[in-house]
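Listed in TrEMBL:
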DOMAIN    62-401  domain 'Amidohydrolase-related'
BINDING   143, 211, 232  Zn(2+) binding site
BINDING   154, 235, 236, 243, 272, 328, 329, 330  substrate binding site
ACT_SITE  294  active site, proton donor/acceptor
């Protein structure tokens, strides 16, 4: 066997008998991995004269990029919006548990909270790679407190804030630091929001529009200033109206700057969005759809009372409400469930469903050169799934980090 040690001592793994999601299609070819990256087999054969050290028979599984959840408030009893002394162990627990649902990277999300909570929690969130310890952390998603009182949803009204004279300084004072922040959700109709959107965008922070009563021209103006995302489309915004479609109208707006794509999050749990609305959004703008769980602490737990930041929520089946009301408050759906429901509700292809949870969130965050695809030289974060899109195994940087026990291999 030819030696492959000339370039690297790291072992080369070849996954065979699989269908790989690459270039928007499931392709019957092998996947080659070394040192946490996807290898180009042609370079390996012809330049290095290399070969595989380890071969894995995937038994006709689908191999897809790992899922990326850009809106998750917690899970398994952990609430990211609660300032606790053991916050780090909580975030570690969630990052470990979501591996079984195919999530290899995520943005821990904080709902509207008092400044003291941001000041205590944000320094404890550090951007890190995934591994056997759990999914990678891409940075925090701060949903509020600069949102509309009329569309606050499950956010506590007494913590909502507006932008005063020094708008961006207000935001900095509220959060304390932007070091680990990746996404900020705000209402674009608020006075001085344009300068805040510009400042955040210049710092590489994604601005998302949500919990808002903005009309379409206000939403378009926000996009022209740099906003690129819509937080849980249809939820906590003005309903679509034919004379002024509001934020929803961004999906087919002709005022989006050239070369810019607007992405939108969808909670595809069968509760937050009627399947017909999911189909309308997907058919209007398929390349912008990003599946999010919007999961709360009660995900993975029995029905009953749990928390979402400053509020108490009640879980009844897949429904989660602010206690004593019928106000929806996040979901308890897992990402793999959302992918399966999305495919079933829209009748889209397997490839489309998988890319909505991997490629699209990576494109939104500008990391598609290393995450969200199985292109050569990208990170070897991938899943093995069966034809029903149930996760059989999860890999991060080429290492198996979770496997379905019943699966013999």
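Even glycines carry a Cβ here, placed using N, Cα and C.
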Please name the residue among the binding-site residues 232, 243 whose C-beta has the most neighbouring C-beta atoms within 10 angstroms.
232
Can you tell which of 235, 329 has the least company, meaning the fewest other C-beta atoms within 10 angstroms of its C-beta, among these binding-site residues?
235
Roughly how many Å lie between the Cα atoms of residue 243 (substrate binding site) and residue 211 (Zn(2+) binding site), rounded to a whole value?
21
Among the recorded positions 143, 211, 294, which ones place their C-alpha within 10 angstroms of the C-alpha of residue 330 (substrate binding site)?
294
Counting across all protein chains present, how many other Cβ atoms fall within 10 Å of the Cβ of the residue listed as 'active site, proton donor/acceptor'?
29
For the recorded Zn(2+) site formed by 143, 211, 232, name the remaining residues of the chain with Cβ within 8 Å of the site's Cβ center, in chain order.
71, 111, 144, 147, 153, 155, 185, 208, 210, 231, 235, 236, 294
Among the recorded positions 143, 211, 294, report those whose Cα falls within 10 Å of that of residue 235 (substrate binding site); none is a fine answer.
211
Cα-Cα distance maximum in Å, computed over every pair in 154, 235, 236, 243, 272, 328, 329, 330 that the record assigns to substrate:
30
Long-range neighbours only, meaning 6 or more apart in sequence with Cβ under 8 Å: which ones does residue 236 (substrate binding site) have?
147, 151, 152, 153, 210, 211, 212
